[in-house]
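S.K.: One structure, pasted below without further comment.
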Amino acid sequence: MKSFFVALPLLASLAAAGPVSSEKRDTIPFVELLLNITSIGNTGLEAALTNPGSSELKLFATGTILDSAPVEKVAVFSKGKPLPDRHIASPLLTRDRTEGRVPFDGVRLRIAPPELITNDAFQVIKPNQTVIMKFDFGQMHDLSSGGNYQVSAAGGIPYATGNSTKVEGYIPFKSNVLTIKNVNGTQAAITRRDFHAESKRVVIQAGCTRAQNQAVNTALSNCATLASNASVAAMRDGRRMNEYFKTTALDARRNVSITFQRVAKECTSRLKAVSVSSLYCTDVYNSCKEGVLAYTVPSLRYMVNCPLYFNALPPLTTTCHAQDQASTTLHEMTHLTQIRGTLDWGVYGYDAIKTLPSEKNLFHADTFCLFANCKSRPLEISSWSVTNILGSCRTWPHVLS
């Protein structure tokens, strides 16, 4: 049986999971990681993460600032200049443009369930050890306007103890606020262009095997059915809307329903090769790291299924809140800006989504995924009636999804 897993939010403005309990503090000495960010060149950054405690820390690196993949590591704010005029497919997609926040342009990961995560996904930091990470935030943000920017990072990194891979809680961190002046917009635009161009060269050679194609097509078909059923449920079942999205407001229900309609259309369109997105079985952004099932690059409409997606997930589960290929595909679809432009905020699983406020649930990929996964099953499952499936949602143990 899957156990509960939560990777807490990376950025301070997104933190939602609350403090580590006193019970967890007994497991490992409570410390706050020290994070110092400095500038290198035009848009390069060096992040120095220090363990100031007396015990070594076993930190879950995947999807955090420790990850070498182009995941969201810092929050970037434009100071004094308008943001680049980016296409927004819907007025629903404005939550990243408030207060000068520069939208993130990298990958959104889909994390595997706990039993599929190994020690390779963790990084051990010894007492008083400092780990240095270097990355270019210009690769993952549109800084072509140039000018001044503020960069910072805060949140928490999940940890385990001993030889276990069970996440016990999280270790908080908060960086300095770094002001970077006079960013060269032209140079930043070239940095971003070259970064994405490298992946496009890989895409030319990208392809799926016959078996992978069959699995993808089955997942897309099931995804379309899940999303269609969830679209209807969003309008008809206020109690379930309140359970997952914490609201029964008509506008919210319409927006959720429309999102699922878009997912259903996109999954169906992928089957007909007329979709707005591109789906690959090749790791075009070098982000299929330990514990990653799939990822999306929303700005480029890329979706990538990692080897773990094919090797470890069933096509479809009848277990409420469990993980399968169909719901993973649905999760990734919601990340596309043309669909909803959802975020992860480092929060995965049913128990974890309960920590988010409604306004974040409405833009949270796993909330949509869990609602569809538990609320509505594909019609071809004859051995499970709708009543049985909905009943299982109320009583089944909460798991990562």
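Backbone N, Cα and C atoms are what each Cβ position is placed from, and that goes for glycine too.
Look at TrEMBL and you will find 1-22 tagged as signal peptide. Taken from TrEMBL, the feature Zn(2+) binding site covers His331, His335, Asp344. The active site feature in TrEMBL is assigned to Glu332.
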S.K.: Around the Zn(2+) site recorded as His331, His335, Asp344, what other same-chain residues have a C-beta within 8 angstroms of the site's C-beta center?
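M.R.: Residues close to the Zn(2+) site, other than His331, His335, Asp344: Arg108, Leu109, Arg110, Thr296, Glu332, Thr334, Thr342, Leu343, Ala365, Asp366, Cys369.
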S.K.: Taking the Cα atoms as reference points, how far is Asp344 (Zn(2+) binding site) from Glu332 (active site) in Å?
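M.R.: About 10 Å separate the Cα atoms of these two residues.
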S.K.: With the cut-off set at 10 Å between Cβ atoms, which of these binding-site residues ends up with the most neighbours? Options: His331, His335.
M.R.: His331
S.K.: So if I draw a 10 Å sphere around the Cβ of Asp344 (Zn(2+) binding site), how many other Cβ atoms end up inside it?
M.R.: 23
S.K.: What are the sequence-distant neighbours of Glu332 (active site), meaning same chain, six or more residues apart, C-beta distance under 8 angstroms?
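M.R.: Residues satisfying the criterion: Arg108, Arg110, Ala294, Tyr295, Thr296, Met303, Ala365.
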